[in-house]
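*Asks:* I have a structure here, written as structure tokens, and I will follow up with some questions on it.
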Ligand SMILES: N[C@H](CCC[C@H](N)C(=O)O)C(=O)O
């Protein structure tokens, strides 16, 4: 059995995108991790799955898996690629697409120049909404002091459907992204782990950002990370509210806009790289793993079930 896929990226945050509307695939954590392996598989930061909607008021279901095989609630750069993918595969002829994700519904709007604007929903900042559950909460205004391997770190927390920690730094180029990012990503204070953003405020309309992503490591760009960072900056008065803020990442810039009480809007590009096919049986056999083909249309959900809140 061969499965068609498309390789895409959003500012260098790279994805494998699979249409499970017209194809069937039995997704397991092992198969996802194998597909994400840049030597044994295709290689990606995240795997994006397009599924039929489970409710009449949306166009598709959008599922996201990190390269470590973990299924997560949201992926901003991926959402832009999702919109361009479903149009290219003629799964939708709409310019405004509503998709359900594990963290709720988002709306994707494409223009004639290849850019995509996404309503990413409203940010949440309360610890239990992240979730952020340190043994003792040391709060200074909206920031928290967290002991990271003996070093006190000041961070902000935000949920964009997925959990984010945001650290304000003087210079992203000298920030200890790998060391601190790794330690905070799996810190016990974040029971679902966390994406860790390092934000340098250039001026009230421009930030530089690096993100150590949950389940991946540092990526070239992170859409939800940019949304979490800008929302934090607006809330702290470092950034202007209600206007496009330039979020400059290694892979390029996104336009992020937010003001209290409204969703975060993210606008940016989505890029096609190549199309291909793969054999799940061949891939798993090559890695010494057994592949069980999908039995029924329900079978292509991941073994662990899905984190959908019906
Ligand atoms: N790269 C993605 C974020 C993926 C988030 C994932 N790493 C998680 O575990 O939440 C983005 O553009 O928003």
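Heads up, the Cβ atoms here are built off N, Cα and C, so glycines get one too.
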*Asks:* Please pick, from 147, 159, 162, the residue that TrEMBL records in the substrate site together with 13, 46, 66, 76, 77, 195, 213, 214, 223, 224.
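*Replies:* Given 13, 46, 66, 76, 77, 195, 213, 214, 223, 224 bind substrate in TrEMBL, the matching entry from 147, 159, 162 is 162.
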*Asks:* I'd like the number of other C-beta atoms within 10 A of the C-beta of residue 75 (active site), please.
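*Replies:* Its Cβ shell of radius 10 Å holds 30 other Cβ atoms.
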*Asks:* Please report the Cα separation of residue 222 (active site, proton acceptor) and residue 77 (substrate binding site) in Å, rounded to an integer.
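*Replies:* For residue 222 (active site, proton acceptor) versus residue 77 (substrate binding site), the Cα atoms are 6 Å apart.
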*Asks:* State which of the following binding-site residues has the fewest other Cβ atoms within 10 Å around its Cβ: 77, 195.
*Replies:* 195
*Asks:* What is the interatomic distance between the Cα atoms of residue 195 (substrate binding site) and residue 75 (active site), given in whole Å?
*Replies:* 11
*Asks:* List nothing but the one residue from 13, 66, 224 whose Cβ has the fewest other Cβ atoms within 10 Å; the candidates are the binding-site residues.
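*Replies:* Checked 13, 66, 224; of these binding-site residues, fewest Cβ neighbours within 10 Å: 66.
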*Asks:* In whole Å, could you give the widest CA to CA gap in the substrate site formed by 13, 46, 66, 76, 77, 162, 195, 213, 214, 223, 224?
*Replies:* 16
*Asks:* Within 8 Å of the centroid of the Cβ atoms of 13, 46, 66, 76, 77, 162, 195, 213, 214, 223, 224, which other residues of that chain place their own Cβ, given that this set defines the recorded substrate site?
*Replies:* 45, 64, 72, 74, 75, 78, 211, 216, 219, 222, 225
